[in-house]
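Pulled from TrEMBL:
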- B:6-31: transmembrane segment (TRANSMEM)
- B:69-91: transmembrane segment (TRANSMEM)
- B:111-134: transmembrane segment (TRANSMEM)
- B:141-161: transmembrane segment (TRANSMEM)
- B:173-196: transmembrane segment (TRANSMEM)
- B:228-247: transmembrane segment (TRANSMEM)
- B:253-272: transmembrane segment (TRANSMEM)
- B:284-307: transmembrane segment (TRANSMEM)
């Protein structure tokens, strides 16, 4: 066995995975995250750090160019797979790892690892530009200086980001001067979004217990918190949030979960450091939120990022206390992102308030603000472009 | 007391540093396994070492119009300066080079890392890498100045810049006891060099791992090894500066040195997982308005004590 | 001075000169800055080899910090955005050649014309203490005054460069809390 084969086997033993979840694929994303967490396969944040590209969720033709571009940037050795449903995740990952370890497999030994999406395409104006890249223009910044303006898009695919959402930003340094969100409208063809599904079933007349809805809502908030904490750079707490989320969805009884959920809520909710780092960011007061159509935790919190994550934590503790209630769910009750009476896609309103919250924020703050609102990609994909208030 | 060892120590010191880094990585992996609900075992602790062959097998990355020379230079500077910094750290009674200006040497090596990481951010010619590089410099000044005052505090207490003299001056009372502010500021400043955990602002998730965002293969291995080497080097230097060096009952000096270093390292690894990323927009003001005045007042204490001695 | 030290001294001197030439021939702001840094580090090495380790290492330390800060500002405020475009580092060639030639000639002349004192006794093993005494003993007043002048210059320059004053931050009656800042700091003033 030669050196190369040994290195490849080591790579396949613990590959870094770049997960890409398509809108409508929350269940598959959760299965993938759980699998990666339990098998100690690290998440890659950029294609440069990834060995495997794992697409989870239904195939969305609108996102295919973005996925292909990520794939182009993966350095060799590399492998990719698509797991449309939760059940397909383990098989897809096993196949990828076998591909990686197989040194006779010549599929993707070359190419990749290169930013080939742009550049090399001629020159700007009469001047020779480095690699054919256009130079940045300048504009007034908030301090009265004339600085370079960079046009950078966040999304549609990004770690800890609502996939399918694109925010086109004009940056000066790392201050956001303009932000323009857009989302791909993929149609309301699939099943109801995973997080709002109990409410949809209850509205359709099916019997749904309070326990089921409370479990789903607490898990949804823990999922959002996992993302927020990951963006805030608190790896330990983010991992705990995701583990508790998976345990809730597994149906672990409330009595077993309660102490740990309370401990987690205390640790995050009372963290002075997290509060100090996020206070005063993305202030969205209750009235303005409701005027924009926002309902749910973001509207109830009526404040900055800490107000929103503390509302989530309170909701989680309240919901875990309600596990075991067998009363039927009132479909008018608030879902994870709000809604209830009439509003079917409350996440669309969360996107609508983004520009005013993001402009003037720094890049890090912008990511935290989006994560603290956490619009659900499944709802965004299903909602029509002009959000209709049904009912 | 502390004396320079032979040429063989030039090989032993980096090996010990590397061993410390491997232990730190393993400890961190165990903490990560606990948070993620995985079983904690020897295998779980050793698995991160698979990164070494993985990164050696990876293809190097090509970017449009990179500054390859400066990129490579920056990447190499980080681990090399970490290794050079341990030359003046005594292990028991022995050190590689007992320089008369050991403290300043250590500080100079730290500053090289700031330059190296900026270069690593500049080289690939990519937005988020560059933002990461700039972040490190902004944060660097805010961490470096209080850290310098902390180093000066220990040197003032011993009336010498020689690390051996600083150890000798702590017979009876450790500097950590009567210079607690300097000790804490030192630990915060030196762990900022490793840009791990709360100090990971230049490689933040919000900027797609910033400085590390475009590096692959051996470059990535060097940068990531460099950050753990720096964590160990910082922990090791805390022992002679504030914790009495190799002094202690019963055990030989080298055993006390390694025991204390591992203890500081364990505390640092644990703390790194307990905090979110400290962003510069919040930290810089805190550093300049609170930490620097505190560190100066702390430096005044040994100055007055020494004057009245 | 033994052969090893002489060789080291010569090597450092040559590298310092070569990198100094690179400062004027490179066409990228970042490379120029770091060529200058390499040159100054070699100068620090020369000082250390000549028996003043403290001044040598401190020179290296301060120059690294200064050059990193300089790289940031030079690149941020270049007319050429981001300093990515190749550019010439030479401006006003004739004038600067005359000035630098004159300065060089004066310095070289000074080296040869100064009546250097003859060495008396052996140099001490650790020169750091002597350097400190020379600077802080008889020249204490000068150093303290210089320190304050530098600090006042830095604070003054920052105040002059800042567009927003305290009335913009705290309102006309200086009673607005928290201050009106684009981004809030960490202390909450």
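Just so it is clear, glycine is given a Cβ too, placed from its N, Cα and C backbone atoms.
Of the candidate ranges B:141-161, B:228-247, B:284-307, B:228-247 has the most C-beta pairs within less than 8 angstroms of the transmembrane segment (B:173-196). Counting only same-chain residues 6+ beyond the ends of the transmembrane segment (B:228-247), those with a CB under 8 A from a CB of the stretch are 2, 17-18, 20-21, 24-25, 78-79, 82-83, 85-86, 89-93, 103, 106, 113, 151, 154, 163, 166-167, 170-171, 174-176, 179, 182-183, 186-187, 190-191, 193-194, 196, 253-254, 256-257, 260-262, 264-265, 268-269. Here the transmembrane segment (B:284-307) has long-range neighbours at 138-139, 141-143, 145-146, 149-150, 152-154, 156-157, 159, 178-179, 181-182, 185, meaning same-chain residues at least 6 beyond its ends whose C-beta is under 8 angstroms from one of its own. Across B:6-31, B:69-91, B:141-161, stretch B:6-31 shows the highest tally of CB pairs under 8 A with the transmembrane segment (B:253-272). Outside the transmembrane segment (B:6-31) by six or more residues, the chain places 40, 44-49, 82-83, 86-87, 89, 91, 94-96, 225, 228-229, 231-233, 235-236, 261-262, 265-266, 269-270, 272-273 with a CB less than 8 A from a CB of the stretch.
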